[in-house]
Amino acid sequence: MSQRDIILGMTDRELRKQVILSQGLLLAASIVLSLLLFESIGDWFQYLNWNPKEIIYFGLLPGIIIVLIDLILMRFLPKSTFDDGGVNKKLFTGQPVSSIFFLTLLVAWSEEMLFRGVIQTSFGYVFASVFFAIIHLRYLKKPVLLVSVLMISFYIGYLFEQTGNLFVTITAHFIVDFLLGLTIRYYKGGIIGEA
């Protein structure tokens, strides 16, 4: 049985629990790896800078730009190009906006803490960006999705290189996931213009 089949066989509640569990594991990995790789647990504070101007210019606006590019691509490329096996459709269709909000915030927070906060600071920009794309296993056989997640990963990694601020990357990642999650929810997993 494939990962896709397992996921599609889950109830919405079971799938949400699995996502929360997997993100909790990523957060735990971030903490454990930071204990091993950072000189001090206090190193986290140098990457968490509440700078609203920076967060808007380097987090919010780039996140919106990424979503607009994705929506344009979804409008003009075949629907099958963006089919991840129905996983995102199952995860977001029919969910209340509040659930999508908190789920995508958790995903953005946990993935950015691990990939930018620990992996990028310890092993470099390129390694973290490629590794981030590779863990999105369901995209590996979908060239457009793989290239898209790879480019987004490099872009968000670049934003971290420029700012050194995890709030920037968490914001960009959250905006992308949240707005695309809403798109799936309101268009019932369809592509804009086909609803």
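Any Cβ shown, glycine's included, is placed from N, Cα and C.
Feature annotation from TrEMBL assigns transmembrane segment to 20-38, 58-78, 90-109, 115-137, 144-160, 166-187. The domain 'CAAX prenyl protease 2/Lysostaphin resistance protein A-like' annotation in TrEMBL covers 96-179.
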Taking 3+ C-beta pairs under 8 angstroms (sequence gap of 6 or more) as contact, is the transmembrane segment (166-187) in contact with the transmembrane segment (90-109)?
yes
Would you mind splitting the domain 'CAAX prenyl protease 2/Lysostaphin resistance protein A-like' (96-179) into helix, strand and coil residue counts from DSSP?
76 helix, 0 strand, 8 coil
Under 8 Å, at least three CB pairs between the transmembrane segment (20-38) and the transmembrane segment (144-160) (pairs 6 or more apart)?
no
Same-chain residue ranges lying at least 6 outside the transmembrane segment (115-137) that approach it to Cβ under 8 Å
3, 29-30, 33-34, 37-38, 44, 47, 145-146, 149-150, 153-154, 156-158, 160-161, 166, 169
Which sequence positions outside the transmembrane segment (58-78), separated from its termini by at least 6 residues, show Cβ-Cβ distances below 8 Å to it?
144, 148, 152, 155-156, 159, 162-163, 165, 167-176, 179-180, 183, 191-193
Give the mean pLDDT for the domain 'CAAX prenyl protease 2/Lysostaphin resistance protein A-like' (96-179) on the 0 to 100 scale.
95
